[in-house]
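A.B. asks: Checked Swiss-Prot, it gives:
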ACT_SITE  C112  active site
REGION    181-202  region 'Disordered'
COMPBIAS  184-196  compositional bias 'Polar residues'
ACT_SITE  H249  active site
REGION    250-254  region 'ACP-binding'
ACT_SITE  N279  active site
Amino acid sequence: MTYSKISQAAHHLPEQVISNDDLSLILETNDQWISSRTGIKERRISRSENTSDLASRVAEKLLEKANIDATEIDFIIVATITGDSIMPSVAAKVQGTIGATHAFAFDMTAACSGFVFALAMADKLIRSASYQKGLVIGAEVLSKYLDWEDRSTAVLFGDGAGGVLVEACSEQHFMAESLHTDGSRGQNLTSGNNPLRSPFSDSEEASPFIKMDGRAIFDFAIRDVSKSIISLLEESSVTAEEIDYFLLHQANRRILDKMARKIGCPRDKFLENMMTYGNTSAASIPILLSESVEKGLILLDGSQKVLLSGFGGGLTWGSLIVKI
């Protein structure tokens, strides 16, 4: 039987760092207000790199780490809500940039859950025994979709990309999954990004800026996401104590604090980096994973169990338990 495993992780970030103090020069806010409410101290902002540029750099790093040629890649999935264009997809641009001539490529649009959804799909593709190697990347340039006069959103988000190489193997590594969507609550977190109005349409152009009902999203994460994680652990007969690390979407430190208490796990098992990068949507989990590998916390030798969980626009939420 064919299974899949995560064999490499990599990330890439824009060079420009924007601190809370920098934001206080253009917004009515300050470092204490931002950091006490979110845990965020700074974020990366792209000056010229598009989402496909960040994603392509991650793909190149993954190939370098694995010491393989791009022609060995069978598929590329990029999770993003900030594509360079409607078409071609970011994944197609990555495929062309790295020369993965044998790979099919497509984007996954599931906001902050996108990387988890994409990783679950990659597992199924490889388990079909039709494909051997795939790149799964989360990449965002959210700064282009922020109203820089709205402190409720401008202070939260950052740009970046991270990803993994998923390969076929003979032992099960993807142990359990739980994926959800509730479109009836979609208006709690939106970004218009509509094309120009046609001469045959009566609709007005929608604002491209990210809009969020912060309280509704906070409550959703604490209630629905925590419940789904607890259910996943119970259904898979894995205890919270058996999980070495929880890698959750990096939205807000208060969310992680409350979720750790609800799940009944030591807070230090919940890894975080939002203080440095802010909320990078689909990129947050793979960036965190890659950094954790670099720090020696995650070994990529199959000896650890980690729980990955994303949640955000859609509304969407999903979790995976993976031996890594």
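The backbone N, Cα and C atoms fix where each Cβ goes, and this holds for glycine too.
Could you place these features in context, so I can see how deep they sit and what lies close by?
C.D. replies: Taking the Cβ of C112 (active site) as reference, residues of its chain lying under 8 Å away and at least six apart in sequence are, in sequence order, H249, A251, N279, S281, A282, S284, G310, F311, G312, G313, T316.
Confidence in the region 'ACP-binding' (250-254), given as mean pLDDT, stands at 98.
There are 24 other Cβ atoms within 10 Å of the Cβ belonging to N279 (active site).
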A.B. asks: Can you tell me the three-state DSSP label for C112 (active site)?
C.D. replies: helix
